[in-house]
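Pulled these features from Swiss-Prot for this protein:
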BINDING   G167, P168, P169, G170, T171, G172, K173, S174  ATP binding site
COMPBIAS  84-96  compositional bias 'Basic and acidic residues'
DOMAIN    2-80  domain 'MIT'
MOD_RES   K8  N6-acetyllysine
MOD_RES   S95  phosphoserine
MOD_RES   S97  phosphoserine
REGION    1-84  region 'Interaction with CHMP1B'
REGION    75-106  region 'Disordered'
Amino acid sequence: MTTSTLQKAIDLVTKATEEDKAKNYEEALRLYQHAVEYFLHAIKYEAHSDKAKESIRAKCVQYLDRAEKLKDYLRSKEKHGKKPVKENQSEGKGSDSDSEGDNPEKKKLQEQLMGAVVMEKPNIRWNDVAGLEGAKEALKEAVILPIKFPHLFTGKRTPWRGILLFGPPGTGKSYLAKAVATEANNSTFFSVSSSDLMSKWLGESEKLVKNLFELARQHKPSIIFIDEVDSLCGSRNENESEAARRIKTEFLVQMQGVGNNNDGTLVLGATNIPWVLDSAIRRRFEKRIYIPLPEEAARAQMFRLHLGSTPHNLTDANIHELARKTEGYSGADISIIVRDSLMQPVRKVQSATHFKKVCGPSRTNPSMMIDDLLTPCSPGDPGAMEMTWMDVPGDKLLEPVVCMSDMLRSLATTRPTVNADDLLKVKKFSEDFGQES
């Protein structure tokens, strides 16, 4: 296997240099990048002596350097008729053309990242988030107060610059971030995921990370929200790719590196699996807030929020009974229960074999009461007419209101999504590194 992997790398490099000489630069770039991947694999798993590793590493640097020059040339070729960079061209000789192409590249990367800026506010207020008072207070401390009362945060009293929200799935971490985007109306809110920062071009991903932070500093006060931060900043290990390692290193440098002033910039991360985060990244998140499963009072509030203005006849006692029965359910689970129960009246209409006339508000003029609306009923009801929903005129249907039996039926068919084992892992992480919300 040693011979085949190393030989494959050598064959690829040979083809790359041939394509390079033939001025097929796109193909040459692709082959150089593939060759480097094979060489790195050989260094990691197959080269046993330090001398062999050093020799392969030196070759990698040489081919990467050529790949970078080809990549710069291919990018700039569309904009200017730029001549190819000679293999033996020195840094000094290429400085003029490099400086010409550098700004457009930076501008292009920043334009790409501008898509991550949340231009429209989500319109979710603190009151729309049930419970999580500790998390809300920490976010107000970090985001709202420094903007409203900047004189409070002078000298050694500085706002938090890195906050990690962690907890089981569906507990409201991303929802809290939306509330921050709404409430921090003077801040620029960047919402990024791994897809915004990953690139097929070698070396471009870390440039995107760097430009993201530069863009945030230019538009401060700003918030960078990274959902599922574990996908970008997992623990460093032997098996990860060079690109992943470089992205992680750039994150570390930008979040708290020498020469980077992040005043007015908050990095807000969210994850369901905090135990896989790299320890250095974990340290950069100064405040680590555990977002637990909702307590009974918060669950009751969630039922009310999700029911909203939909017609229903549930009493406070019914709501509290539902809250008691949903121990171990996340906010997302409760949302699904309510959404399913709101569909129960529609299912009653679909399955009904009899309808009866009732009095209710007109569809065209809700202030006017009319007495010829039709609603589903049992065959034994007085005035029951045998018909299906297909026979009911579109403006004459009065759907049943949501009732407790609808909620219980939906609850019986919806199981909690949070696994007991995962919950134990999150609680263990919270005991070791977190703060309760």
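A Cβ is built for glycine as well, from the same backbone N, Cα and C atoms used for every other residue.
Tell me what's around each of these sites.
According to DSSP, S174 (ATP binding site) is assigned to a helical segment. The number of other CB atoms found within 10 A of the CB of S174 (ATP binding site), across every protein chain shown, is 14.
Residue counts of the domain 'MIT' (2-80) by helix, strand and coil are 71 helix, 0 strand, 8 coil (DSSP-based).
Other Cβ atoms within 10 Å of the Cβ of K8 (N6-acetyllysine) number 17 in total over all chains.
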Restricting to the domain 'MIT' (2-80), what is the model's mean pLDDT?
78
To see if you understand the setup: which same-chain residues, six or more apart in sequence, place their Cβ under 8 Å from that of G172 (ATP binding site)?
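Looking at Cβ-Cβ distances below 8 Å from G172 (ATP binding site), excluding near sequence neighbours, one finds V129, A130, L132, I291, P294, G331.
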Which Cβ among the binding-site residues (G167, P168, P169, G170) has the fewest C-beta neighbours inside 10 Å?
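Output over binding-site residues G167, P168, P169, G170: least Cβ neighbours within 10 Å is P169.
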I'm trying to understand the geometry here, so how far is the Cα atom of P169 (ATP binding site) from the Cα atom of K8 (N6-acetyllysine), in Å to the nearest whole number?
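Rounded to a whole number, the Cα-Cα distance is 44 Å.
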If the ATP site is taken as the center of the Cβ atoms of G167, P168, P169, G170, T171, G172, K173, S174, which further residues of that chain fall within 8 Å of it by their Cβ?
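Residues close to the ATP site, other than G167, P168, P169, G170, T171, G172, K173, S174: A270, N272, I291, S330, G331, A332.
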Using C-alpha atoms only, work out the spacing between G167 (ATP binding site) and K8 (N6-acetyllysine) and round it to an integer in Å.
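Each residue's Cα considered, G167 (ATP binding site) and K8 (N6-acetyllysine) end up 45 Å apart.
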